[in-house]
Amino acid sequence: MNMHFQLGQEAATELQQLGCNMDASLSVDRDAEMLDSGGNRGGWIIFLFIIGTFMCLTLAAGGWQSNLIVYLIQEFNVKSIDAAQVSNVVNGCTCLFPIIGAIIADSFSGCFPVILISSCISFLGLVLLVLTATLDSLRPPSCDDRLSLCETPSESQFAVLYAGIALASIGLGGTRFTIATMGASQFDKPEEQGIFFNWFFFAMYTASVISFTAIVYIEDNVSWGLGYGLCALVNLIGLLIFLSGSNFYRRDKPQGSPFVNIVRVLVASIRKRNVLLSSRSEDYHHHNDGEAKMVPETHKKSLSFLNGAALKTEGDLKPDGSIAKPWSLCTFQQVEDLKTVIRIFPLWSSSIFISTPIAIQSSLTTLQALTMDRRIVSHFKIPVGSLLVLVQLSTCISLPIIDRFLYPVWKKLTNQSPTPLQRLGIGHVLNIISMVVSALVESRRLKTAHSSTLPMLVMWLFPQLALVGIGEAFHFPGQLQLCYQEFPASLRGTATAMVAMTIGIAFYMGTALIGLVRRVTGWLPDDINQGRLDNVYWMVVVIGALNFGYYLSCAKLYKHQNVSEGVEGSSGSDG
């Protein structure tokens, strides 16, 4: 699953909050830091350090991750479906680890140590992968094609391989979004943060395209050792670039994780489950009088069983009015923040199943390409690992068209801009269409494989990949915008990581679904020419259609909740 190179003016504005939401709460600390440091931290002087570091780390990650399935099959004799499963797990991990990195950075250490340590970890992982590619003792002998014999890797060979993959994945996850937060925090003005994010995504996609093409080509046509060696080298260069700017970075102090407040509300509400709730606002603990006036009565009545967490009882407060028992009393705003998370959870969960078909398709497309004619001209073959760059390219092309043409036309016809919920809905539909195309193309590929000695051209896979990219151009910015608009302000700093979390869970769901299909059907043998991969795609179409129905129900209910509970006091969805 890919993020997108140019989110356009509107989506970039949403992304600015990744760094600027922290700005207000940290302004006092920053002023003190600027006085201590002579005012020489942050600003555009650090731009090249941050962007250079990120480009190098992205280039290194794309070089090994995009071609992992091919490496496992060709160099470690892993069966094709098993290799696809490993790839799904790895992709899931690299999308889930950013949540952990964000929590650690926000709660304990700040961004700088997380990026530094994660970069070192990813470098160690790449060194291990280089060793597996260059030392014969760390990988099994090549398969004997004449006898159809393949030696299984030993436990020690698997241990080194998976240790390298695990370390590289952890390192990638720790830097992927934390470096964006740190970069945005170097600027005080939203306009500057917007410019930073535009260049940030440009750098990400530039590095991704290079790694998906040039490095993958070296791995396929020169040597795996050289390809992985280049990945390790650019990772090291990125680490050195990051360290060389350490005297100029503005470092925010960790403010504590907002997730702790969510747990506190749950614990406090359970402890006070038998306490009679009051209808008077003054009986509840508010951060200030203004907060009490901002919460509408309709919000106080919804999910009222949580209100007990903010109900003041004897011994909850100190004489000066501060909280004496933080696990027994919370502010009413903290209670409302948890209610908002609960309300948006069904919509958030639907995003998991919009990404699950894409996760399945990304791995199975690689297996299809291995059986197809990948020649563009007589002496050049498209590397299998480079195929998925088509998704990125179609997204990059689609975003400015959508942002500068389709949305203005939409606004002219309807007198309003498309809402995040509408963008997500369009993304759902395009993904379903993509899976239908995938099923039809696979049916044709199977017929060609059974009736002809000439394999089908790999270009038949291009339409389905392009449709996925166009769909992502709609639903990915929609997800980001929805999270930033609807998540509580205290949670917006990790909202992007929450979107990544849905993608990570989707890869695990895809892995589990493929495993289930293998156990109960004969659709996915090791030789996909003898299976029914088209049936897998049709199954995914059905899942996508059911999820679209679930999404429409959630969107309707969520809109109804906002209307019925008083939009004037809520976070307000424009859906």
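Each residue, glycine too, has its Cβ placed from N, Cα and C.
All TrEMBL annotations are machine predictions without curation.
The following features are taken from TrEMBL:
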TRANSMEM  44-64  transmembrane segment
TRANSMEM  84-105  transmembrane segment
TRANSMEM  112-135  transmembrane segment
TRANSMEM  155-174  transmembrane segment
TRANSMEM  195-218  transmembrane segment
TRANSMEM  224-243  transmembrane segment
TRANSMEM  382-402  transmembrane segment
TRANSMEM  422-441  transmembrane segment
TRANSMEM  453-474  transmembrane segment
TRANSMEM  494-516  transmembrane segment
TRANSMEM  536-553  transmembrane segment
The transmembrane segment (44-64) versus listed stretches 195-218, 453-474, 536-553: most Cβ pairs under 8 Å: 195-218
Feature contact check the transmembrane segment (536-553) with the transmembrane segment (224-243), CB under 8 Å, 3 or more pairs: no
Same-chain residues at least 6 beyond the ends of the transmembrane segment (112-135) whose Cβ lies under 8 Å from its Cβ atoms: 53, 57, 60-61, 64, 71, 75, 101, 104-105, 157, 160-161, 163-175, 178-179, 182, 223-225, 227-229, 231-232, 235-236, 238-239, 242-243, 246, 249, 251
Candidate ranges 382-402, 422-441, 494-516 - greatest C-beta contact count to the transmembrane segment (195-218) (under 8 angstroms): 382-402
Intrachain neighbours beyond the transmembrane segment (494-516), with Cβ under 8 angstroms and 6 or more residues off its ends: 1, 15, 17-18, 81, 84-85, 88-89, 91-99, 101-103, 106, 176-177, 180, 258, 348-349, 351-360, 363, 476, 479-480, 483-484, 487, 524, 536
Contact set, same chain, for the transmembrane segment (536-553): CB under 8 Å, 6 or more residues outside the stretch: 347, 350, 353-354, 356-357, 360-361, 364, 424-425, 428-429, 431-432, 435-436, 438-439, 442, 514, 517, 523-524
Cβ-Cβ under 8 Å with the transmembrane segment (453-474): same-chain residues at least 6 beyond its ends: 1-2, 4, 358, 361, 365, 368-369, 371-374, 382, 387-388, 390-395, 398-399, 402, 423-424, 426-431, 433-435, 437-438, 441, 444-445
Beyond the flanks of the transmembrane segment (382-402) by at least 6 residues, Cβ under 8 Å: 2, 4-8, 66-67, 69-70, 205, 208-209, 212-213, 216-217, 219-221, 362, 365-366, 369-370, 374-376, 458, 461-462, 465-470, 472-474, 476-477
Tertiary contacts of the transmembrane segment (155-174), as residues 6+ beyond its ends and Cβ separation under 8 Å: 57, 61, 64-65, 68, 76, 86, 90, 93-98, 100-101, 114-115, 117-129, 131-132, 138-140
